[in-house]
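Heads up: the structure comes next, in structure tokens.
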Amino acid sequence: LADEFSTLQGRSIMEMSNWGVTNTENLTIQYCFPDNNLSCTKSIRPEAEYIVVYIFVSVTSVFTVFLNLLVTVSISHFKQLHTPTNVLILSLAVADLIAGLILMPVQGMKLIEPCWYFGEIFCSIFPLILYVVGTASLGNLVIISVDRYIAVNDPLRYPLKVNNKRVVVSIVVNWLFSFVYSFCLLYESLIYPERNHSCIGECILSVKLEYLILDSFVCLVAPCCVIFSLYVKICFVANYQAKQLNSATDKKARSEKKAARTLGIVVLVYLLCWTPYYLATLSFGHDENDALVINIMQWIVCMNSLMNPFIYAMFYRWFRLSAKYILTLKILEPSSEYFSLSILVLTLLSYFTVLI
């Protein structure tokens with residue numbers, strides 16, 4: 001009888017675990033997959049927390065997709081926007097669009113939902129997408145800084161050195177490098193994902209410390225040093241040119257200074273979004289005990305995709321004009337790609353030889 005009572009008691013405890021019990025913090029503890037004995041446990045938070053987080057994630061994701069779609073459609077559709085610099089901005093917008101469609105919704109769910117319901121395969125692929133998009137975005141920033149340096153330092157020969165064909169080749173190389181580099185960095189997690197999971201419903205990225213240090217140098221220190229050095233040179237050249245200009249060209253001088261500040265904002269925003277993530281990964285690694293910290297840092301990284309459209313597009317009148325054509329559906333009219341955009345032309349001419 002004692003054995004039967006113990007068996008019944010064990011079953012009752014298991015049933016209570018499946019349905020949920022309350023811990024000392026008033027959080028209900030349940031299994032991610034109640035029908036599986038190897039399932040991870042999860043804490044059920046108050047409904048208000050879920051509502052607030054999901055609304056915030058949904059709004060930011062939709063807004064990110066919307067803004068980057070405006071940038072993508074504007075540059076792709078209007079012929080007058082088919083310049084080398086704008087092609088680079090288009091590549092950056094595509095990376096940010098992927099972040100808004102895939103990375104931000106999933107990363108937002110990880111902030112509030114401890115269980116992973118997307119399967120083991122996507123658990124392995126998701127970090128790869130995150131690293132590819134992040135590396136490609138940084139590569140775009142480096143290429144844009146090189147493009148603007150050539151435009152300011154050697155404006156007369158800029159059209160000979162930089163054209164759409166060469167820019168497209170550089171973009172393809174950038175994306176290929178980003179994929180190969182990210183795949184090599186995450187190779188063990190991609191090939192042997194089960195090594196990082198202690199239970200079903202867990203998705204933790206595990207990267208060796210030496211790889212994290214290498215990644216910090218390749219994807220943060222080295223590129224930012226290149227961008228900063230080019231930015232300093234651009235500032236010197238812009239200031240020198242401004243002193244040589246007469247009053248008739250003061251407007252162009254002001255444009256150069258404004259464009260120089262824009263690149264500074266780009267670098268600053270990138271550092272603000274990515275530096276906390278690298279500091280967190282180097283400090284904590286990808287330990288499951290610090291998963292919430294890593295998830296928050298990764299969400300901040302994704303927010304960079306929301307900021308880029310403001311920096312690269314909404315600061316300029318040509319974007320607002322092209323967005324007006326899109327939102328009013330004038331883009332559907334015949335030959336709309338050849339619309340006369342006088343403000344657009346003036347803006348492009350004023351910024352063509354300066355920074356974006």
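Note that Cβ sites are derived from N, Cα and C of the backbone, with glycine treated the same way.
Using a Cβ-Cβ cut-off under 8 Å and counting only residues 6 or more beyond its ends in the same chain, the transmembrane segment (51-75) has close neighbours at 81-82, 86-87, 89-90, 93-94, 96-97, 99-101, 104-105, 108-109, 111-112, 303, 305-306, 308-310, 312-314, 319, 322-323, 326, 331. The transmembrane segment annotation in TrEMBL covers 51-75 (among others).
Here TrEMBL flags 67-312 as domain 'G-protein coupled receptors family 1 profile'.
According to TrEMBL, the transmembrane segment annotation covers 87-105 (among others).
Sequence-remote contacts of a segment are chain residues at least 6 beyond its ends whose Cβ falls under 8 Å from one of its Cβ atoms, and for the transmembrane segment (125-146) they are 85, 88-89, 91-92, 95-96, 98-99, 102-103, 106-107, 118, 167, 170-171, 174-175, 177-179, 181-183, 185-186, 189-190, 203, 205, 219, 223, 226-227, 230-231, 263, 266-267, 270, 274, 298, 301, 304-305, 308, 356. The feature transmembrane segment is assigned by TrEMBL to 125-146 (among others).
What TrEMBL lists as transmembrane segment is 167-192 (among others). Long-range neighbours of the transmembrane segment (167-192) within the same chain, counting only residues 6 or more positions beyond its ends whose Cβ lies under 8 Å from a Cβ of the stretch, are 84, 87-88, 91, 124-125, 127-128, 131-133, 135-136, 139-140, 143, 147, 205-207, 211, 214-215, 218.
Per TrEMBL, transmembrane segment is recorded for 212-238 (among others).
The transmembrane segment annotation in TrEMBL covers 259-280 (among others).
Summarising the annotation, TrEMBL assigns transmembrane segment to 292-315 (among others).
Per TrEMBL, transmembrane segment is recorded for 336-354 (among others).
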